[in-house]
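Worksheet for the structure shown next.
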Amino acid sequence: MLRTQAARLICNSRVITAKRTFALATRAAAYSRPAARFVKPMITTRGLKQINFGGTVETVYERADWPREKLLDYFKNDTFALIGYGSQGYGQGLNLRDNGLNVIIGVRKDGASWKAAIEDGWVPGKNLFTVEDAIKRGSYVMNLLSDAAQSETWPAIKPLLTKGKTLYFSHGFSPVFKDLTHVEPPKDLDVILVAPKGSGRTVRSLFKEGRGINSSYAVWNDVTGKAHEKAQALAVAIGSGYVYQTTFEREVNSDLYGERGCLMGGIHGMFLAQYDVLRENGHSPSEAFNETVEEATQSLYPLIGKYGMDYMYDACSTTARRGALDWYPIFKNALKPVFQDLYESTKNGTETKRSLEFNSQPDYREKLEKELDTIRNMEIWKVGKEVRKLRPENQ
């Protein structure tokens with residue numbers, strides 16, 4: 001009888017495996033098919049494209065709406081004064097330059113950012129200036145300083161924003177929380193925002209690969225009646241693949257919320273909790289790290305990024321699928337109150353106040369280094385360094 005049951009299980013397993021293999025092959029073909037069959041016609045059609053995102057129709061803009069020749073003509077009389085050369089300044093500045101637009105950098109002379117800009121080919125007196133000189137020369141002033149630095153430098157920058165210029169942000173932080181930052185944009189200028197959904201390094205690397213990062217855009221002031229098209233065009237010019245409309249308020253709330261949640265803080269907390277429980281139950285550091293971080297980042301997350309979470313439920317084993325289906329509602333119900341508190345904390349300005357207070361302290365770098373050193377010395381991340389060394393490509 002046991003042999004008969006075992007034979008049935010094996011047979012059923014083979015049938016399920018065969019069906020799942022066929023389903024995955026069909027699914028994979030479905031995911032890859034649009035790239036070959038539908039993208040090109042969409043690129044060659046109208047500028048406005050409406051996409052149904054899970055039942056909500058939104059208008060998106062793509063590179064096809066602003067090809068390079070159109071960008072060069074639209075911005076032919078403009079100079080982009082990019083203030084700050086940190087993560088976003090680096091990525092957006094180099095992409096603008098590679099797209100053939102007239103961009104200059106404004107930073108503190110002889111400071112670290114000045115030296116970094118020179119290493120990237122920016123030339124003092126030609127396209128590298130002090131902040132004041134750059135703003136005076138620019139028709140677009142792209143304020144890409146850190147949030148704390150924007151607040152500190154605003155009294156010096158605001159008088160330089162003369163009529164006719166366009167003020168640009170990549171984060172809604174400063175103008176939205178103006179009661180805390182004291183950054184109140186002039187009412188007689190177009191004020192726009194383009195917020196890449198990733199770091200400046202990613203903005204640059206995806207552009208160099210011929211791809212593009214997703215970005216949102218928003219308009220604070222539309223004095224000329226052209227603020228929307230300015231933002232859409234500039235979003236493409238800095239290297240966006242597609243861009244969608246939001247507001248300054250929604251951008252800053254979703255950005256702060258995401259960074260503290262699934263993008264950084266929340267995922268780090270989940271990694272630590274799972275790792276700790278495994279270690280407390282006798283699992284080795286290597287096993288705990290592999291089951292918590294390595295498998296997630298090297299195997300599962302790339303597939304989720306490429307095909308979606310629904311694909312993963314088809315792609316995993318029957319045992320993994322059953323467990324995930326049973327447990328994801330439990331995690332959702334446990335975590336949702338935390339996320340609700342987090343969103344309220346971003347919306348009411350608590351996170352902004354905390355950020356400004358900490359990042360404006362004269363010894364904030366020393367305090368930050370202590371916090372980062374604590375993370376570096378956590379067992380989980382020490383183990384991670386050793387595990388990464390064992391990857392074949394690192395040997």
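Glycine is no exception: its Cβ is also placed from the backbone N, Cα and C atoms.
What you see is a predicted model, and the numbers here were worked out from it, not measured in a lab.
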Tell me which residue from SER286, SER345, SER355 Swiss-Prot records as phosphoserine.
SER355
Any idea which of 198-230, 363-395 is down as region 'Hydrophilic' in Swiss-Prot?
363-395
To which of the recorded positions SER87, SER113, SER317, SER355 does the lowest count of other Cβ atoms within 10 Å belong?
SER317
Name the one residue among SER87, SER113, ALA148, HIS171, SER317 whose Cα is closest in three-dimensional space to that of ASP255 (Mg(2+) 1 binding site); these are the recorded positions.
HIS171
Ten-angstrom check, please: count other Cβ atoms within 10 Å of the Cβ of ALA148 (NADP(+) binding site), all chains counted.
19
Cβ neighbour count (within 10 Å, all chains shown) around GLY93 (NADP(+) binding site):
27
